[in-house]
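Novice: Dropping a structure here in structure tokens format, bear with me for questions.
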Amino acid sequence: MDEPSEQMMRPLLRTGLDEEALVDHGKSSFTTHTNYEMEDLENTPSQRVQFILGTEDDDLEHVPHDLFTELDELSFRDGSATEWKETARWLKFEEDVEDGGERWSKPYVATLSLHSLFELRSCILNGTVLLDMRANTIEDIADMVIDSMVASGQLKEDLRHKVREAMLKKHHHQNERKLSNRIPLVRSIADIGKKHSDPLLLERNGPLVSPNSVPNNLDGSKAVERRPSKVGVSRESSSVDFSKVDMNFMKKIPPGAEASNVLVGEVDFLEKPIIAFVRLSPAVLITGLTEVPVPTRFLFLLLGPRGKGPQYHEIGRSMATLMTDEIFHDVAYKAKDRTDLLSGIDEFLDQVTVLPPGEWDPTIRIEPPKNVPSQLKRKIPTQPNGTGSPAGELEKDEDPHAGPELQRTGRLFGGLILDVKRKAPFYWSDIRDSFSLQCLASVLFLYCACMSPVITFGGLLGEATKGNISAIESLFGASMTGVAYSLFAGQPLTILGSTGPVLVFEKILFKFCSDYGLSYLSLRTSIGLWTAFLCLVLVATDASSLVCYITRFTEEAFAALICIIFIYEALEKLFHLGEHYPINMHNSLDNLTLYSCQCSPPVNASTETEQKWNQTGFSADSIPWSSLNVSMCQTLDGEFVGPACGHHGPYIPDVLFWSIILFFTTFFLSSFLKQFKTERYFPTRVRSTISDFAVFITIMIMVLVDYLMGIPSPKLNVPDRFENRGWLMDPLGENPWWTLLVAALPAMLCTILIFMDQQITAVIINRKEHKLKKGCGYHLDLLVVAVMLGVCSIMGLPWFVAATVLSISHVNSLKVESGCSAPGEQPKFLGIREQRVTGFMIFVLMGCSVFMTSVLKFIPMPVLYGVFLYMGVSSLKGIQFFDRIKLFGMPAKHQPDLIYLRYVPLWKVHVFTLVQLTCLVLLWVIKATAAAVVFPMMVLALVFVRKLLDLFFTNRELSWLDDLMPESKKKKEDDKKKKAREKLEAESRLHDEEELRLKVNFESSNQLDVPLKSLSGRWINSIISNNGEEFEASVVITTASLNNRAHVQT
């Protein structure tokens, strides 16, 4: 192990021993290359690795798989080695067996000493490297390794038997001890439900049974081709002891994974270390070698004299950590010889970050990061002459509105037809994908969340229209519209609901009809039919393509406004409970025994009041006022007298304060349970289930607690009968004929309202951050909304359009994260569970609510208000606008590393935020006043405000802060230029790769063509050109000016 310092300090030079023994496919013959020393043609280790990874290899055995790496060390008893003992393992991060030997450590980022990495490089440089060995047992591997060591002079013949005996020692794994020592009575709750011998899981996890194993990269960022596994072992035909397999850990190993075994130890019969690196072809399942039954692909052996155990341990850790590195891992699979492995180590050393020893504690275990950075840039060659774009530029150059959904077709209903063609193939999967417990949780959550606003909206509409349209009609209309939308819409994740501007419009329309003696329902029907017709015109003319002008600036201002309204209204409803359940702000605890509140006759009774008394059979003198309860006193217009009375009745402090407790407990408990997935308690499946059902569990807990407390908090009141009225409205009715034509004017305003509400919500749902895979359908969505708006108008039902906060909550409740993750690795967001069943079931249950009033009446209204607050706050997450607002009060040194802060000056970020905040305040003022009917027009004005920002900000700055506005006239030309540029770049990249390759013609002459560009001014001292025979070569470099290449003649 004592390597000269010159070699230790020159890791990037390809220097080798006088002899190198290579075993070809595990045969007994050797090919020896003597006296070579070379420096690769590529300039840097990074370029050499990129060259290795870029080579095409038709051999499926060299296709990279995921790796499980295990470190075993020789343990001693009574001075002699007894067995190989597992001390650490890697799937993504390092896990060590703790000193007590009873448990695995928490996964952590491996920290290595630079010295151990250089020693490892020396091991690979001076040791035995056997690639593509064909062996079936550990005995075969040991024999071939020892033969190679003896042949190369690394091992003496008389030590063959002892080394073989050491290599074949029994392997003891940590899980064997854990399973054998476990007492059922002291198992932790977290282990309950875990299975430790499940053959079905083994069948699911890779090459034991599956004839076609698919190697998947752990981080999901690298797709590799399907490779048939050559290892097929069933439970009946294998000698694997399934009772010793930890099934809980087996779940974390991805299908198709292979093993890398690192064996290090100290023995008393060696004077100098012996090292071997073996790659098997094909991978072999060796019973007892690895903790989990996966085939072994790599084996690294290091045996040395006694006294250097810690040093060997660190070298073993370095080897295991290298095998988990994404780049070296691929190099190990594709390496042709020792020099390729050395290139991989050199490239790894180039990427290493060194921490000064005096500025941190090496014993600290670094927590795994939440997001592992992509290693793609280590694989892709940089562009020559510094033309490579910085990270992130390629993504920003992409047109965010270049999808086919928003392209104008130029044909009547062309966009609608394309939407139907795009969504039809996914219809069956929209049903099949709903078979998940998560969908049930989403249905229960959104049902409770949608019920209250629909009933509340119906009640307000009933007050505004004097009972023409009330809560029961609102409930029925929401159910019918929601079911139709879920079944036929292009984006079924959108949830329909009632909106504030619609209520304002209904109030204005009813007042107008009352003032001029017109039939409200008939005129409303006319306006609704005109609105539906205009929406159909928008669908026919592909007007939804204008959605491409709705950028993040507009959608975030709109979404933020709706979220703030949800939060404000939730708090406002709680505040209004104080009016119905007043409290005495000026009481004295000493006088509590003197407080009382009684009903007394009014001082000045009106004629109407006296008539009411007479109808009940009582006179003013015969009514027992002092014995009346609160409701009877209010019915008979009595007055409340006493120090415990408020304006509208007795003080009720317990109800108000209990409602406040229910309200905030619902909010905080829902937030806590939703984040329970990231807690450390209970198994993963239990945590995920609790997180999915967070809101429903919270509502059930609050209902139970409220019932046990017995305090009469306000409850959900669901109507259970329809009013006596017709269900088909006449558009003309008693109104003059000209109202049919005049109705087109307010219908235009309604059309803008419907279009903007619907499409902005659709844009938010279809964000690329949600990783939707089934596409969207803006034209189809608007068609379904238009048809159902016409149906609701004819039936005299309220109008419903996309509800932003409910839709965002629906999407958030259906987020899918990776289930098979390595220990310590954070689950990755994979996308949304796209299906139609949750929306369908939500609105079916809503329609059935009239038959469930006996159950729903137990739900306290403050609990539902707390759910509103939770939805409003949770929907604010991910809105960049609020992140930028926080920057105003944050010193520069405490500001997070936001991507746009790297490319846009801070003062310009503040200006952009102030403009957006001003627009938000204006929208709020308009929404809160009688001018709310023009709210959609103001949302439309945001698009023009955003366009004006082009005059102040550059396109580059806007690309980071927002989306670039599309230029419709130059769209086609830009697309052509973009395709031409991509084609040119692809051709240039291929040309560069071809020039970097070595062009060797052995048939005509021993001439090696080397591009001058790849030399970069460096002289090559010696190059070996091997045509199947051993020879020494001296080279002379000459330059040919005609083809600008260097000809290396041998």
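Quick reminder: no glycine exception, Cβ is built from N, Cα and C everywhere.
Automatic, uncurated: that is what TrEMBL annotation is.
Under the heading domain 'Band 3 cytoplasmic', TrEMBL lists 65-362. For 211-230, 360-407, the entry in TrEMBL reads region 'Disordered'. Annotation source TrEMBL lists domain 'Bicarbonate transporter-like transmembrane' at 411-966. The transmembrane segment annotation in TrEMBL covers 440-462, 527-550, 557-575, 655-673, 693-711, 737-756, 777-801, 837-856, 863-882, 921-945. If you look up TrEMBL, you'll see 969-997 marked as coiled coil.
Map these features onto the structure and tell me what's around them.
Specialist: A Cβ distance under 8 Å defines the sequence-distant neighbours of the transmembrane segment (557-575), meaning residues of its chain 6+ beyond its ends; these are 500, 659-660, 663, 760, 764, 804-805, 808, 861-862, 865-866, 868-869, 871-873, 875-876, 879, 881-882, 916, 919-920, 923-924, 927, 939, 942.
Outside the transmembrane segment (693-711) by six or more residues, the chain places 441, 444-445, 448-449, 654-655, 658, 662, 665-666, 669-670, 673-674, 676, 858-860, 863, 866-867, 870 with a CB less than 8 A from a CB of the stretch.
Taking Cβ pairs closer than 8 Å, the transmembrane segment (921-945) reaches residues 500-501, 504-505, 508, 549-550, 553-554, 557-558, 561, 564-565, 749, 752-753, 755-757, 760, 915 in its own chain, all 6 or more past its ends.
Mean model confidence for the coiled coil (969-997) is a pLDDT of 59.
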Novice: Based on Cβ pairs under 8 Å, which of the stretches 737-756, 837-856, 863-882 lies most in contact with the transmembrane segment (655-673)?
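Specialist: Most Cβ pairs under 8 Å with the transmembrane segment (655-673) come from 863-882.
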